[in-house]
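Peer 1: Taken from TrEMBL, the feature transmembrane segment applies to 35-52, 72-93, 105-124, 130-152, 164-186, 206-227, 260-282, 294-319, 331-353, 359-384, 396-415, 427-447. The domain 'Major facilitator superfamily (MFS) profile' annotation in TrEMBL covers 38-454.
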Amino acid sequence: MSNTTNDLPSNGAGSNEQALAQPSPARVIHDSGQAWYILAVLTLAYSLAYIDRQLLNLLVEPIKRSLVISDTQLSLVQGIAFISAYLVASPLFGRLVDLTNRRNLLVVCICLWCGFTALCGKADTYEGLFIARLGVGASEACVFPLALSVIADCFSAKQMARAMSIFILGPMLGGGLSLVAGGFVIEFARALHQQFPILAQFQTWQLAFVLIGLPGILFALLVVVTVREPVRSSVNSERADDRQFTTGDAAAYLWQQRGFYVRILLGVGMLAIVVLGMPAWMPTYLIRTHGMPAALVGFRFGVLVVGFGIAGALIGPWIARQFEKRGYQDAPLRTAALAMIPMMLCCASIPFAPGATGTLAAAAGTVFFFSLPTGCMSAALQLVAPSRMRGTVGALYSFVAQLIGFGAGPTLIALMTDHVFGNPKMVGHSIAIVCTIASALAAWLLFSSLPHYRRLLTESA
């Protein structure tokens, strides 16, 4: 198998795809104030996407009453409609990120997901709401691969992990803001409904969707006015990287480098099982086994997830920087691999921790260590990807994490509880078994990817 990449893209290949690329990029000095501003815009866009997608969770009861649907039907709108469209669209947007003007693509997608969110408010049938939710999921799939590609063109290798970690805080910020902003919007919609008889044809939940969706158009205008498409460049030298990759070129490159990409992407999937599985069932474990009231669980566990999640995401890049100062070329991925070991121990300790306080401490450790490598892993992928393949690689990262995380994380824990233990109160042991095994597999996959990663770093230098 050839390990070289110079023969893969030819500057003249794929003239039709090259025609899609838009001119007039702007050179962004790595780590400059402009770079940090672009990062802030991307993080805010990621947060806004989460606010739009989470509003539905605050409007469950009025939607059920209005459309006369069951919990199961609504859960399909919440989950299947969104995630299926997201998974289908993610690889497509990954290619568009590599082929087109990314600033313009972001603007279009912001307008699309805001428009589909507003259309949720126009839905007067279950089918209409389902279709609008499909649109939200598909259009939001662009944010992650697009942002990873742009960030890699704005930051040096030394700052890459920190920048990625800040961006990945977007869902945490958006999740919290969705509760605050969503509650405010619902109350505002109720007031509008009462003050303006012309709005009587709409129900409060419908107005809430319109009100939360339309302001995103103003944010899209801000992006148009203040952000320009960065020059696609090498992370290590800031020199322009104009190599073009057709879809066939991209597939050939990934196949040539499969020793690295298969390991790290499967490692991402194993980590996603813990990230999505443990928080999904931990509240239930605290309620069933330790008798904590649901309201208290929501407050304590919610604060724990946000606090330790942010701490882990911010400390991870600092640890990677210390490894780099000591001469470790593979510092970002090494940091991620090492984080799997204490995460595995925290997961294993969950059912044996003394009382609710001990269980929360074990959960806090798990959250800290599964948040710590997120920015580092994103940075590691982008540091070795050619500029015109960063969107594709970012989309694969997101696709694998969502597919394995959502598909296996919560479900494996439930299957273990129901069919292995046959006892609802054994959910803590199910969490421990599934998440410990996933952590161990993630550690093995990431450690085994380090030699391949070092080779790719050398080739891309």
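Even glycines carry a Cβ here, placed using N, Cα and C.
Predicted automatically and left uncurated, TrEMBL annotations should be read as such.
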Peer 1: Counting Cβ pairs under 8 Å to the transmembrane segment (331-353), which of 35-52, 130-152, 206-227, 294-319, 396-415 comes out on top?
Peer 2: 294-319
Peer 1: Is the transmembrane segment (427-447) in contact with the transmembrane segment (105-124), using at least 3 Cβ pairs under 8 Å (sequence separation of 6 or more) as the test?
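Peer 2: They do not touch: fewer than three Cβ pairs between the two stretches lie under 8 Å.
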Peer 1: Can you name the far-off residues of the same chain, 6+ from the ends of the transmembrane segment (206-227), with a Cβ under 8 Å from a Cβ of it?
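Peer 2: The answer is 37-38, 41, 44-45, 48, 51-52, 55, 59, 103, 106-107, 110-111, 113-123, 181-182, 185-186, 188-189, 192-193, 199.
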Peer 1: Okay, the transmembrane segment (35-52) and the transmembrane segment (427-447): do they have at least three CB pairs under 8 Å, pairs separated by 6 or more?
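Peer 2: Counting Cβ pairs under 8 Å (6 or more apart in sequence), the transmembrane segment (427-447) does not reach the transmembrane segment (35-52), since there are fewer than 3.
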Peer 1: When you scan the chain for residues with a C-beta under 8 Å from the transmembrane segment (72-93), skipping those not six or more beyond its ends, what do you find?
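Peer 2: Those are 53, 56-57, 60, 63-64, 105, 109, 126, 129-130, 133-142, 144-146, 391-392, 395-396, 398-399, 402-403, 406, in sequence order.
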Peer 1: Report, as numbers and ranges, which residues of the same chain sit near the transmembrane segment (294-319): CB under 8 Å and 6 or more residues beyond its ends.
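Peer 2: Distant contacts of the transmembrane segment (294-319): 161-162, 164-166, 168-169, 172, 175-176, 279, 282-283, 286-287, 335-336, 339, 360, 363-365, 367-376, 379.
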Peer 1: Could you pull out which residues elsewhere in the chain have a CB under 8 Å from any CB of the transmembrane segment (359-384), counting only those six or more residues past its ends?
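Peer 2: Sequence-remote neighbours of the transmembrane segment (359-384) are 148-149, 151-152, 157, 160-168, 235, 260, 264, 267-268, 271, 274-275, 278-279, 282, 285-286, 290, 300-301, 304-305, 308-313, 315-317, 319-320, 330, 332-333, 335-337, 339-340, 342-343, 345-347, 349-350, 353, 390, 393-394, 397, 428, 435, 453, 456-457, 460.
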Peer 1: Express the predicted model's confidence over the domain 'Major facilitator superfamily (MFS) profile' (38-454) as a mean pLDDT, rounded to an integer.
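Peer 2: Across the domain 'Major facilitator superfamily (MFS) profile' (38-454), the average pLDDT comes out at 90.
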